[in-house]
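Notes to accompany the following structure.
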Amino acid sequence: MESIKKARSRMLQMPGLLKECRTQARSYTECVLSRQEVKANDCVLIRCVFILYGAIQDCIAEVPFTDVDYRVFTDSARHVLEGKSPYMRHTYRYSPLVALILLPNVILHPVLGKILFSVFDIFIGFIIYKILMIDRLDKNTAAFYSCFWLYNPLSIVISTRGNADSLSALLVLWTLLEYKSKRYVQVGVIHGLAIHLRIYPIVFSLPLYICIGHSSNNKLFQLFYPNKKRLSLIISCVMTLLLLTTLFYLKYGKLFIDESIMFHIRRSDIRHNYSVYFYIQYLGSGSSPTQSLKFFMLLPQIVLFLAFSLAYRNPRHLPFCEFCLAFVLVSYNSVLTCQYFVWYLCLLPLCLPHLSFTFLEALFVSLVWFVSQIVWLLPAYLLEFKSVNTFTWIWVQGLVFFGANIFVLSRLVKNYNRTTRSISQKS
């Protein structure tokens, strides 16, 4: 009987103990999350390990870790250091700024470019944190969502392989930070710089323009009326583009225009890639694509760009709008490789607070996206390294991946709309 009384007494004390433990556990979690310097050190350490591993894999493995373009950047930087044109390096299709940034590769050590791209990668996480703080999330929640980028394996691998897309992503996020801070001249300058480095951020121009000076008046005239704020954005953006383009045109001539701008506008790639248009381009590699084919390839993108820009014209929806535009651009692009995923993944942490997936829903959507890529890799490997004719197989898997992307985007849009509508009704 005595033991039963003791057991009953312990049971009566249990709710109080659980409450106390819960409070202590929460305090501990907040303490860990508030240790920003620990997370920063972890991020640096992880990227250093990947850079070291990449050097080893390059020496011993059949498939090199370092991106092919990284060697192109380094060679172009060497030409610039010698007072020559970076476009003397075959396949260099970027702004001369990239070659200038990579000068330490030639002057000091070839690994410094990877370190620099990794630093850009970490700065992206910091900017995500700052934007979420401006959106009135608490410090711990903002830090939590920024970790979705800082510890994203794809972003880590792409930057440590020596890919320059982390710089473009940094400028896109920086543009949003300046927009949130209502510094519209800076928005235009950074947006212009981003477009100069990589053309793709130009698709964000329309939503940026519409959101600046947004009015509850939904008339078409009000949506596009060039008020003072919008004019400051346009003028600063255009002036930045004109200044950089003129400067490098005077320095490197028509070759700069052809390689860094026109190449990307008319680009088609018959090498295997994720694009749903890959096989069409491969079969028609002996002739230029017709104007009607180009039109029908671009039409779905144009329609979706306009639809998303108008549907999410409210300033609070701008990050999600840009995410959708980048997702559409990548999914429908005539050339698609894994590094392009960075274009929209850098915006995803800004959208996550406004999504309300259950764990199983999030897991399922993620698996659909990942598995559709993995099944593509086998035929791609057989073609690239074993010379097995798997073109048809690659095309079929590309269709599967395209379908998976459409499914994922539709689920994200539906969930975002439901969540934001619910929040609006509560407020």
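Note that Cβ sites are derived from N, Cα and C of the backbone, with glycine treated the same way.
Worth saying up front: this structure is predicted, and the values here are computed from it rather than measured.
Here TrEMBL flags 91-109 (among others) as transmembrane segment.
The annotation transmembrane segment is assigned in TrEMBL to 115-132 (among others).
Marked as transmembrane segment by TrEMBL: 184-210 (among others).
The transmembrane segment annotation in TrEMBL covers 231-250 (among others). Residues 95-97, 184-189, 191-193, 195-196, 205, 208-209, 212, 256-257, 260 of the same chain, all 6+ positions outside the transmembrane segment (231-250), place their C-beta atoms under 8 angstroms from a C-beta of that stretch.
The transmembrane segment annotation in TrEMBL covers 295-312 (among others).
What TrEMBL lists as transmembrane segment is 324-345 (among others).
The annotation transmembrane segment is assigned in TrEMBL to 357-378 (among others).
Under the heading transmembrane segment, TrEMBL lists 390-409 (among others). Counting residues 6+ beyond its ends, the transmembrane segment (390-409) has Cβ neighbours under 8 Å at 272-276, 278-279, 282, 324, 327-328, 330-331, 365, 368-369, 371-373, 375-376, 379-380, 382-383 in the same chain.
Recorded stretches compared: 91-109, 115-132, 324-345, 357-378; the one with the most Cβ pairs under 8 Å to the transmembrane segment (184-210) is 324-345.
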